[in-house]
């Protein structure tokens with residue numbers, strides 16, 4: 001057992017927090033990663049499986065839209081944007097609501113609600129009913145909005161819980177590992193859609209659209225019911241990981257940092273951590289009272305603005321700009337795949353065959369581009385630091401998208417292999433880059449009292465960027481027009497470069513305790529005398545007040 005006294009570790013910090021920061025990596029850390037990570041697996045599956053079936057929905061419910069120009073499956077722009085984007089709107093709202101209540105009620109109390117909501121709404125999405133296209137799509141959008149609402153809650157809660165459990169040496173890797181399960185979820189979205197569509201295709205064969213022009217002519221009538229069941233099965237399968245994880249999530253204790261610093265119960269925090277981690281900790285109720293008294297400032301206070309205002313601007317802007325590009329990549333894959341020769345033309349396939357080839361392409365891109373980036377981040381984030389990885393990722397994404405935009409016609413017509421490589425590399429550097437670090441940093445930079453809320457604000461800003469992608473950028477790419485595809489790629493390159501420059505507002509957090517980073521450990525001495533002395537209050541510069549990253553250790 002590791003024994004920590006009142007003065008262990010950080011000197012001014014509480015013993016229970018020093019114990020957490022210095023605890024060796026144990027089985028409970030791995031269990032927490034899996035429990036929190038399965039939420040992100042479910043999140044990614046539910047958000048991105050819609051990409052594999054959206055063209056099928058177009059063929060089923062809007063067969064006449066763009067069919068006259070040989071592009072079956074292309075839904076009206078407004079409908080397509082609603083189907084793919086409504087979950088993102090729900091996610092944004094869920095992040096803000098659950099993030100706020102995570103600080104007010106506790107992380108654990110609201111953590112299970114998100115899973116229940118996700119499971120119920122995933123099943124509801126598959127049961128979307130109605131006798132007309134508008135009724136089915138309307139019901140689908142209703143359930144996907146609330147599905148997104150539950151998904152939104154997982155962002156701030158999972159990140160905050162993992163950051164507050166982790167030790168400072170490997171905290172970045174632990175948080176990044178939770179988020180890396182998003183990559184696994186995207187892989188399974190493609191894999192499950194591919195398997196399910198292959199099964200239905202086997203039992204519901206049909207000629208290509210060019211041969212019979214639709215699902216309801218000649219021999220294609222038999223594919224209609226099978227295709228309609230197929231997309232429902234894919235969406236409903238998203239409920240299973242949420243249900244499987246619920247019990248274990250409810251067994252997790254409240255984080256010691258919340259119990260001690262917000263609820264003011266050092267004894268309970270100590271007992272909770274001693275049950276799950278092999279450490280012995282001294283109780284410090286008197287010191288805790290002084291610690292809390294010096295850190296009572298709220299999110300809307302001038303003290304928060306002085307200490308963390310630029311940090312919050314940095315985390316919100318970078319996540320917003322990143323998600324414009326990241327969700328544009330994922331939501332428009334079905335439109336990019338024909339250009340890089342990973343799928344055939346819509347007219348050369350029947351409905352279920354098209355789902356299969358889109359899912360296969362999505363699976364391959366995720367497996368060889370998306371997935372490795374997440375885990376390279378896990379391996380290097382506590383060696384290279386968050387700041388450098390984020391700068392590198394934004395720069396490389398901007399470079400690759402600029403090349404694809406400028407050379408789009410050439411790559412589309414003659415450079416399919418190069419196009420596929422460049423496209424995969426943008427996914428790699430999104431995930432070995434800002435898609436991971438924008439999730440990690442807000443969980444580390446802000447004080448315990450507002451950590452979940454600040455992460456929620458940052459994540460909601462990201463989802464605002466995703467909504468721009470779904471309702472804006474996707475409008476340019478929907479019909480695959482080369483001129484508009486080129487414009488979209490160049491626009492995303494510029495967006496990533498803005499993200500590169502806004503990263504300079506975010507300090508490095510590697511290797512320091514959460515209390516040192518947020519400045520919470522800098523006020524204890526002054527608070528002992530009943531006030532906060534300016535000289536005593538001032539923590540290391542990068543902890544509480546923004547400093548250029550180059551000045552940090």
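Backbone N, Cα and C atoms are what each Cβ position is placed from, and that goes for glycine too.
What TrEMBL says about a protein is an automatic prediction, not a curated fact.
Model, not experiment: these values are computed from the prediction.
The transmembrane segment annotation in TrEMBL covers 32-57 (among others).
Feature annotation from TrEMBL assigns domain 'Major facilitator superfamily (MFS) profile' to 32-511.
TrEMBL lists 77-98 (among others) with the feature transmembrane segment. Beyond the ends of the transmembrane segment (77-98), by six or more residues, the same chain brings 46-47, 50-51, 54, 57-58, 62, 110, 113-114, 137, 140-141, 144-157, 327, 331, 456-457, 459-460, 463-464, 466-467, 470-471, 474-475, 478 to within a C-beta distance below 8 angstroms of the stretch.
Taken from TrEMBL, the feature transmembrane segment applies to 110-129 (among others). Sequence-distant contacts of the transmembrane segment (110-129), counting only residues of its own chain at least 6 positions beyond either end whose CB sits under 8 Å from a CB of the stretch, comprise 39, 42-43, 46, 94, 98, 101-102, 135-137, 139-140, 142-144, 146-147, 149-151, 153-154, 157, 161, 231-239, 242-243, 245-246, 249-250, 252.
Positions annotated as transmembrane segment by TrEMBL: 135-153 (among others). If you look at the transmembrane segment (135-153), the same-chain residues 6 or more away from its ends with a CB under 8 A from one of its CBs are 42-43, 46-47, 50, 57, 61, 79, 82-83, 86-99, 102, 110, 113-118, 121-122, 124-125, 128-129, 459-460, 463.
Sequence annotations record features per position, and here TrEMBL assigns transmembrane segment to 174-201 (among others). Within the chain carrying the transmembrane segment (174-201), a Cβ under 8 angstroms from the stretch's Cβ atoms is held by residues 29, 32-33, 36-45, 48-49, 51-53, 158-159, 162-163, 165-166, 226-227, 229-230, 233-234, 237, 330, 350, 352-353, 355-356, 358-364, 366-367, 370-371, 373-375, 377-378, 381, 431, 436, 439-440, 443-444, all 6 or more beyond its ends.
Under the heading transmembrane segment, TrEMBL lists 229-248 (among others).
Sequence-distant contacts of the transmembrane segment (361-381), counting only residues of its own chain at least 6 positions beyond either end whose CB sits under 8 Å from a CB of the stretch, comprise 48, 51-52, 172-173, 176-177, 179-180, 182-184, 186-187, 189-191, 193-194, 333, 337, 342-343, 389, 423-433, 435-437, 440, 510. Summarising the annotation, TrEMBL assigns transmembrane segment to 361-381 (among others).
Positions annotated as transmembrane segment by TrEMBL: 387-406 (among others).
According to TrEMBL, the transmembrane segment annotation covers 418-436 (among others). Panel annotation: around the transmembrane segment (418-436), residues 176, 179-180, 183, 318-319, 322, 325-326, 329, 336, 339-342, 365-366, 368-374, 376-377, 380-381, 389-390, 392-394, 396-397, 400-401, 403-404, 411-412, 499, 503 of the same chain, lying at least six beyond its termini, place a Cβ under 8 Å from a Cβ of the stretch.
Long-range contacts of the transmembrane segment (456-476) within the same chain, counting only residues at least 6 positions beyond its ends with a Cβ under 8 Å from a Cβ of the stretch, are 77, 80-81, 84-85, 88-89, 91-93, 95-96, 98-100, 102, 152, 155-156, 312, 315-317, 319-328, 331-332, 438-439, 441-442, 484-485, 487-488, 491-492. The transmembrane segment annotation in TrEMBL covers 456-476 (among others).
What TrEMBL records for 488-506 (among others) is transmembrane segment. Beyond its flanks by at least six residues, the transmembrane segment (488-506) meets 310-311, 313-315, 317-318, 321-322, 324-325, 328-329, 332, 386-387, 390-391, 394-395, 397-399, 401-402, 404-406, 408, 434, 441, 445, 473, 476-477, 546, 548-549 of its own chain at Cβ-Cβ distances under 8 Å.
For 524-553, the entry in TrEMBL reads region 'Disordered'.
According to TrEMBL, the compositional bias 'Polar residues' annotation covers 541-553.
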Averaged over the domain 'Major facilitator superfamily (MFS) profile' (32-511), the pLDDT of the predicted model comes to 84
